[in-house]
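For reference, TrEMBL has these:
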DOMAIN    521-575  domain 'Kazal-like'
TRANSMEM  45-66  transmembrane segment
TRANSMEM  73-95  transmembrane segment
TRANSMEM  256-274  transmembrane segment
TRANSMEM  295-321  transmembrane segment
TRANSMEM  341-362  transmembrane segment
TRANSMEM  412-432  transmembrane segment
TRANSMEM  452-471  transmembrane segment
TRANSMEM  596-621  transmembrane segment
TRANSMEM  633-655  transmembrane segment
TRANSMEM  687-705  transmembrane segment
Amino acid sequence: MERIYIFLGLFSFVFFLEAIGGSYINSAVQNIERQFQMSSKTSGFMISASDFGYIPCVVFIAHFGSKGNRARWIGAGAILVSITYLMLATPNFLFPQGHHDINTTAVAAQLKPTTAQLASNSTLRELLSYQLIRDRMSQDTYMSLMKLDDETTPIEDYHPIGKPPSSNNTSYTIDGWLIDEAIIEADKVINNGTSQNNLRNSLAMFIRRRVNSSEKDIKKIRISAAAPFTFCGTLTNSLRSIIKDSKCEEQSSNNYPFMVFFFSLFFLGIGRTVPWSLGVPLLDDNIKKKSLPAYFGAISSIRVLGPICGYMIGSFCNKFYYTLNPPNGLTPADPTWIGAWWIGFLFIGTIALFPSTLLFFFPQGKQGSSSAVQLHDVHKEKLKKTVDEDRTIKMKLKDFGKSVKSVLSTKIYIGSVLGRVCDILAFKGYIVFLPKYLENHFGIPQYLVHRYMAMFGVFGFGLGAATGGWVTKKLKLNGRRAAMFVMLMSTVNVCLYSAKMFIGCDSIVNSIGLNNRETNYNFTRVCNSECACENARLYPVCDPTGYAYFSPCHAGCREAKQYGSNPLLDFTSCECAAGGVVSKKYCENTCKTSTVVFFLTVLPGSFVAGLGVVPAMLILLRSVPPESRSLSLGLQGMAVSLFGTLPSPIIWGLVIDAACLVWDKTCNGARGACAIYHPDRLRVWMHLLYVVIRTIALFTDIYVWKHAKHLNIMDEPVSEEKDNIRRNSIKMQAVQPDQ
């Protein structure tokens, strides 16, 4: 096998792994937001950190790296990228969200019965004042009982009708089975006027069972307080508040995790400057020009397989909870689920080290041999012969400035770069926050979102890139014909994304926001005002009619029951809900049709976007002299990063945050992650912003078409020039060792 094909395989594999990491970062953003309570604006700025490293380095690395052993430069950059992926996993271990030592003295004091409550003639009022009983009684039942005259007859032994629940079933309230019997007796007293004896006996038995069960009761209350759902209960929710305060004392903000992510991505940006700006010209030096469209199409397709794998890895990792021990009642389909995002970074970083190291030590081959790979830029070496090799740094910088000026004076190059900047400005932020949009707008679980993005979006783009390379070669698209092809693809893309503005749906989470517009998204009602729901997290549940509630606590539910291993809990004694019961099983997804229609536009849209990749890349590459190709790609990379990838996630984060209706709160009371969005604003603003930016890109494509009349992207250079380049290459290899 020829050495160039081995290099091509390693180079493509490194590109493949880099693309895996790029898409995997997108799949991890929402999990990171939830675990460390970041807004979309903050996470968008964090994602842009790679461009802060990329921008100041890309031009200099492209210019000076092209004068050395380019394979070694590419390998070094890839090794740095591998290390940064490992660094990205570290915040999960440096800032764990695990067990916290808390002070339960206040809770224990409320669990301790008073002397009057343990007396043999305790009144009904004294028994009802016990906090666990008060939490379990509905407001109407409690107030009705408090209006009754006290009876002081002696308390008798109570003989329960039922039994404690089996080990297969779980109740999240203490002795809930006994309180259920007491509530039945309370209804008899209120509605039928029966004696209070049985009611007092059952309540007294409940209180006496607490005397020697303090530690056991606190443990159960703590389990309820740490659960992902919140139900009505002052004692449980007060402990939840204590746990939250304890976490805040240990980790006052998300600044430290943010800094680790930011600097990891910063170094990632430095590492990724090398492969594209040096690798493409290296292949151009070693492959026939007529074969370049096919090779570039193949490389683009192979690299597009990376995002497919990245999203599939994200889908796999998101099925695991980030602690690897999911709490009861939470499944990957829940909107508050936090996937094990850190696993993917460890996997990708470890795997990427091997091909990166091989590329770093890649041998050039026997000097002068036809199978040798030209690792040094022959055009740079040819120019070196005409100048004094003992030039000063000042002279080299002056030549660098002249080269930059020469590249920037090319109209086709400027138009092409502006077009690609607009493309990336629209695409980068959109794709980063698309998983969040699909989960919130259509109610698709995260792991399925990433699977669908791989199946429809990335696959369509890869197929389009391969097809675009084949079409460019088959139809011999040259000059204006290639520019016209790119322009037509941009037009179709704008039309398809315009259609997405009208594909809407109200998911379960969205319906919670829409149901509470009249109260300005205040979920507190008279029926749940005594439940202490202030710290309740989003946990959507529905009543039998399908009406959605922010949490079981806001539905006024005082009991949570789990039957066997079924993760779908039933919440009962719900004062605010029809039928007095709510559960996730009553929440019906009405967005299936809209989801299908949306993804039917994704596949052709991504395919069309991919069709224009190869001709646009060849136009850019051929619009400057051969000796300026690395510099032109470096300048293009800097422009795309500075004006495209850097601001894009920040802009999109601001737009998405502007559509937020309900925010989670951080320890200092500031905004954390968004819980509920306005569905119409989110849908229209996201796609309108994309369409506007891509329309500007369309005008730049028209500008390129206007000036591309004499552009040559397909023909080989004349034989004499090829022979001169070949001879110079062999001579320079004979006298200059690998750097």
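FYI, residue positions are counted from 1 along the chain as it appears here.
Cβ from N, Cα, C; glycine included.
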> the transmembrane segment (687-705): which same-chain residues, six or more beyond its ends, come within Cβ distance under 8 Å?
Replying inline: 411-412, 415-416, 418-420, 422-423, 425-427, 430, 480, 483-484, 486-487, 490-491, 493-494, 497-498, 500-501, 619, 651-652, 655
>> With Cβ-Cβ distances below 8 Å as the criterion, list the same-chain residues six or more beyond the ends of the transmembrane segment (341-362) that contact it, or say none.
In response: 6-7, 10-11, 13-14, 17-18, 20-21, 24, 27-28, 31-32, 35, 71-72, 74-76, 78-79, 81-86, 88-89, 91-93, 310, 313-314, 317-318, 320, 322, 373, 375
> Quick one: do the transmembrane segment (596-621) and the transmembrane segment (412-432) reach 3+ CB pairs under 8 Å, ignoring pairs fewer than 6 apart in sequence?
Replying inline: yes
> In the domain 'Kazal-like' (521-575), how many residues does DSSP put in helix, strand and coil?
Replying inline: 3 helix, 12 strand, 40 coil
